[in-house]
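S.K.: Have a look at this one.
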Amino acid sequence: MIVKALTENGVTANESVTPHPPAKRKRSGFWSSVLQQKYLYLMSLPFVIWVFIFSYVPVWGWLMAFQKYKPAKSFSEQEWVGLANFKELFQDERFYLVLRNTLAMSILGLIVGFVVPILFAVLLNELRGSIFKRTVQTVSYLPHFVSWVVVGGIVYKTLSIDGGIVNDLLIWMNVIDEPIQFMAQGKYFWGVVTAADIWKETGWNAIIYLAAITGIDKELYEAAKVDGAGRIKQMFNITLPGIRSTIMVLLIMNIGHLIGIGFEKQFQLQNNLVTDYSEVLDLYALKYGIQISRFSYGTAISMFTSVVSVILLFTANGVMKKLTKESIM
Amino acid sequence: MAGKAFQMTKSERAFDIFLYVFLTLVMIVTLYPFLNVLAISLNESTDTVRGGIYIWPRAFTLENYERIFSYTGLIQGFKISLLRTISGTLLGLISASMLAFTLSRPEFRARKFVSVFLALTMYFSGGMVPMYILMRDMNLIGTFWIYILPGAVSAFNVFIIRSFMDGLPFALQESAKLDGANDFKIFYKIILPLCKPVLATIALFLAVGQWNEWFTTYLYNGNKAHLTTLQYELMKVLATTNQGSGMVNANDMAQQMAQISPESIKMAITIVVTVPILVVYPFLQKYFVGGMTLGAVKA
């Protein structure tokens, strides 16, 4: 996520580190420099080709979205249909339902999934260097390491109507009289997905913020203490502003992922009763593209998702750059 | 003045209490589901039906585990999962560290090109369907290779390792070069041994990703009984309560066996799938925290 900033910094940092001016070498021919750096080429070229095949060739496959692709024929024999697949896509009512689900879950995830880890990191930071802090931290990473298959099973178990702890607790506290069917009603699905995501990733996502907090100048806290600021005041006036740029960079990255939120959690948590709320773009592509072999239609969906993601990312980056001078590229 | 100071410590204390209570609650919420799964897996399956098992088994037994280990699909899945985790992690480490090394050499002429070429892949992807067609055209469907080849090079991992290498003293490489060592020798004799912490981090990321991945099996290899992974086997078993969560490839024997498997059996399989990673991660904690930090502070 944060790596883009890394590459930029890396390139420039390296340039200034280089001790020898490469002016002389530049004058020598291209091939002699290749020969001289043959090991570097040998170590990178195979993987560059690899990346080309598995990351760039699929983009070339987008051409299929403008064809009526038949698996048995070769590429040149395919029938070109222009924008027919996109027309069909934008006329399908199901598509708008799926788009609504995707945006609803990603915006919920963006707001909640963004604020909670920051709060968690800031609170955790208040326990300076204790064993308790380390225990909480270790425990908080744990769910990150289990698969969505397992989390799906756990969520079904926890929210079940017979013996699920959530319903048991709510009944015990007299909040409800009858157990709620969380997994069988569409209106709960977005909330369940968001909550499951929070449970799984909060501790992990907080790592970055905790690291950023360590970088804040300790003298600022000392000065605040002398001025009589309490810890809560320090949290809001020093800690949060101190990690502002980290927050901004991650926010931009998350906005870029708004539409390509993935489908693992939706896939593992969905069931036939809630598909009107659980189906997201990738699942739609899977169901109406691959599983019934309408590859061109599926490609149009994939292409739509990818293009909108990139547009969102650049827009977010541009707006943030204007507003806050923070950017990732 | 004195009164004000006293008041502050009082509110500070209240804040401290809140902090400890709140974070303890967070821990309970995080841990409870795991303890619950463990307790049910250790409880007699006929007794589990009565409900009311929370974090302690009522009728302790190991029978559930004995039963699931006699299920061949599980053993088979374990082997494939282990194999793809080991080979996928090794391949991922080799590709990422080699690329990172070439990118960390300032004199490398193709450096900028390779760097941008890789970085771009973090922003776009062809998407699910074009990838499916590519896999089909390359005849990778229904083979073991589909688990490890497509994702073998990760730009994210390359840049993390590169940023670690940039922090190493450059003089080491220069002196080795003067001694006549070639770039490859510098890479594996000097740079790699120094990169152990970041390599441990990346190895953990890769291993967790490989072990937990289920979609490739679902989409491409679900009908190949000898290639299914542990996650997929668990998914089939769990799907019997989750009212068939879109499972299309599961009309086989395992499915029928799963249909009769009670809650306790399901939970026992969940534990078997989860434990290998949970045993490892606390020991690698300092490495992965360091690895994540490597990105954050620079950003």
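Numbers run from 1 along the shown chain.
Cβ atoms are placed via backbone N, Cα and C, with glycine included.
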S.K.: What range among A:1-20, A:261-280 does TrEMBL record as region 'Disordered'?
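M.R.: Range annotated as region 'Disordered' by TrEMBL: A:1-20.
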S.K.: In TrEMBL, which of the ranges A:195-219, A:295-319 has the transmembrane segment annotation?
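M.R.: It is A:295-319 that TrEMBL describes as transmembrane segment.
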S.K.: For the transmembrane segment (A:39-63), name the stretch out of A:103-124, A:243-263, A:295-319 with the most CB-CB pairs under 8 Å.
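M.R.: It is A:295-319, which has the most Cβ pairs under 8 Å.
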S.K.: Short question: which residues 6 or more past the ends of the transmembrane segment (A:243-263) have a Cβ under 8 Å from it?
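M.R.: For the transmembrane segment (A:243-263), the far contacts come to 1-2, 4-5, 102-103, 105-107, 109-110, 113-114, 118, 121, 208-209, 212-213, 216, 280-283, 286, 305-306, 308-310, 312-313, 315-317, 320, 324, 326-328.
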